[in-house]
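Following: one structure in structure tokens, then a few remarks.
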Amino acid sequence: MFLLKATDHFSSGKLARLKMAKNTNIRISLPAVCFVWQIAMIILFGVFIRYNEESDTHWIEHRRRKNISTNSENDFYYRYPSFQDVHVMIFVGFGFLMTFLKRYSFGGVGFNFLIAAFGIQWALLMQGWFHSLDENDGKIKIGVENLINADFCVAGCLIAYGACLGKVSPVQLMVLTLFGVTLFAVEEYIILELLHAKDPGGSMVIHTFGAYYGLTISWVLYRPMLSQSKPLQGSVYHSDVFAMIGTLFLWLYWPSFNSAIADHGDGQHRAVINTYLALASSVLTTFAISSISQKHGKFDMVHIQNATLAGGVAMGTASEFMITPYGSLIVGFCSGIISTFGYLFLTPFMEKTLKIQDTCGIHNLHAMPGVIGGIVGAITAASASELVYGKEGLINTFDFKEAVANRTVNIQGGYQAAGLFVAIAFGLVGGALVGGILKLPIWGDPADANCFDDEVYWEVPEDEDENILSRQPNLNQTRDMPDAYQRSHV
């Protein structure tokens with residue numbers, strides 16, 4: 001009787017697991033999406049994309065017409081070093097930052113690569129239609145600055161990916177990117193063109209939007225049984241080291257990120273200085289709060305990998321402004337504290353109470369510092385004056401020209417604040433809509449018990465230690481073997 005009951009219990013448990021299992025075979029769906037969408041990119045690029053006047057062979061004629069003396073005045077020589085820095089951040093920095101999970105390093109780096117490669121193509125089109133469309137021939141004219149802006153656009157999608165890391169399929173990530181880039185291009189146009197807000201480092205446009213977009217998607221895709229994957233949600237020593245490599249790349253290149261599309265000359269120079277100082281300040285406060293929060297004063301690598309970057313996020317909007325060097329230190333100081341406390345208290349609260357499972361803690365690294373950056377930008381803009389900026393400097397910094405030539409700094413501060421609300425609204429509403437699409441049972445996403453595991457979508461080689469142990473003879477058996485055999489095999 002006991003055996004019959006045990007057998008029935010085992011069978012029912014097995015049946016329950018089978019019912020919970022999902023089909024994660026993406027052999028048809030992912031290749032279909034990649035091929036169809038890439039062919040669509042080729043066709044759309046053929047119809048719309050052309051070189052701009054600085055990358056076209058007619059550059060010589062353009063030089064003569066604009067009375068440009070040397071090739072060194074081509075925008076390529078101003079922007080390309082910053083472009084490469086931003087490019088490294090997107091593919092190396094963000095990718096390795098997501099390798100902290102013990103069994104999801106392939107997914108962290110690999111899917112980051114996939115999202116970025118598709119996203120930059122779609123971004124060149126979407127942003128081009130809004131910003132670089134030539135009214136004379138209906139073509140999008142691109143140069144090195146368009147490449148930087150495309151990377152910025154992709155950054156918003158990679159931030160959103162951080163909230164869903166390990167819980168979605170690559171097909172879902174492609175859909176997330178398709179809609180994410182589209183939403184980004186629209187909210188960017190509203191904030192930068194219609195509101196004429198300044199946001200060179202993207203505290204609002206990139207970080208705030210990307211974070212709330214990803215958090216809302218994660219909320220819609222809430223997994224009540226995710227605790228089944230609890231053993232895989234943590235890190236191991238080497239995975240944290242790899243993630244720290246991503247942190248260091250991001251930390252080193254963040255001044256380029258915030259200054260890449262800033263005005264030539266003093267604007268770009270000032271953006272680098274302000275970001276550099278804010279980042280340095282956030283490191284010290286992160287280490288301090290991390291230590292004081294632990295019983296024996298030890299550091300938590302989660303805090304060091306993430307909150308140390310908060311100063312760069314928060315400095316994005318005001319990076320060009322005359323915030324002063326000590327003001328930059330204050331921004332970094334506060335951002336490091338708030339971000340670290342977020343990992344300590346808000347992340348558990350959000351998962352337990354708000355049902356938001358934020359794998360990478362993007363709320364603490366991008367959402368809150370992004371909002372801080374938007375607020376700092378609004379206050380700094382509203383308090384600007386000719387005494388500090390100079391008359392021409394004020395006009396140049398805030399682009400008070402043409403349609404907004406008569407705008408005052410107080411009004412500019414109001415529009416800066418409005419831009420922050422637009423970014424949050426697009427993230428929340430867009431995330432809810434896209435999350436609803438991603439919730440459809442057709443995307444090959446993993447079951448709750450199989451999240452955070454590379455083996456679902458990757459061919460994973462066996463660990464070397466496991467191979468050695470599997471090949472090693474049983475020690476009890478070797479006792480009866482000749483001494484020479486024991487010395488050579490044990």
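Cβ from N, Cα, C; glycine included.
Just so it is clear, the model here is predicted, and its values are computed rather than measured.
Taken straight from TrEMBL:
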type	residues	note
TRANSMEM	28-49	transmembrane segment
DOMAIN	70-455	domain 'Ammonium transporter AmtB-like'
TRANSMEM	82-101	transmembrane segment
TRANSMEM	108-127	transmembrane segment
TRANSMEM	173-192	transmembrane segment
TRANSMEM	204-222	transmembrane segment
TRANSMEM	234-253	transmembrane segment
TRANSMEM	273-292	transmembrane segment
TRANSMEM	329-346	transmembrane segment
TRANSMEM	417-438	transmembrane segment
REGION	463-490	region 'Disordered'
COMPBIAS	469-479	compositional bias 'Polar residues'
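Non-local neighbours of the transmembrane segment (417-438) in the same chain are 160, 168, 172, 175-176, 179-180, 183, 186-187, 190-191, 195, 197, 199, 204-205, 208-221, 370-371, 374-375, 378; each lies 6+ residues outside the stretch with a CB under 8 Å from one of its CB atoms. Highlighted: of the candidate stretches 82-101, 108-127, 204-222, 234-253, 108-127 has the greatest count of Cβ pairs under 8 Å to the transmembrane segment (173-192). Under 8 Å from some Cβ of the transmembrane segment (82-101) lie the Cβ atoms of residues 107-109, 112-113, 116, 144, 147-148, 151-152, 154-155, 158, 161-162, 165-166, 232-235, 239-240, 242-243, 245-247, 249-250, 253-254, 256-257, 259-261, 301-302, 305-306, 359-360, 452, all in the same chain and six or more residues away from its ends.
Among the recorded stretches 204-222, 234-253, 329-346, the one sharing the largest number of Cβ pairs closer than 8 Å with the transmembrane segment (273-292) is 329-346. Proximity of distant same-chain residues to the transmembrane segment (234-253), defined by a Cβ-Cβ separation under 8 Å and at least 6 residues beyond the stretch ends, is recorded for 85-86, 88-89, 92-102, 105, 279, 283, 301, 304-306, 308-309, 312. A Cβ distance under 8 Å defines the sequence-distant neighbours of the transmembrane segment (204-222), meaning residues of its chain 6+ beyond its ends; these are 152, 155-164, 167-168, 176, 180, 183-184, 187-188, 191-192, 197, 313, 316-317, 354-359, 362-363, 366-367, 369-371, 373-374, 377, 419-420, 422-424, 426-428, 430-432, 434-436, 438-439. Regional average pLDDT for the domain 'Ammonium transporter AmtB-like' (70-455) in the model is 97.
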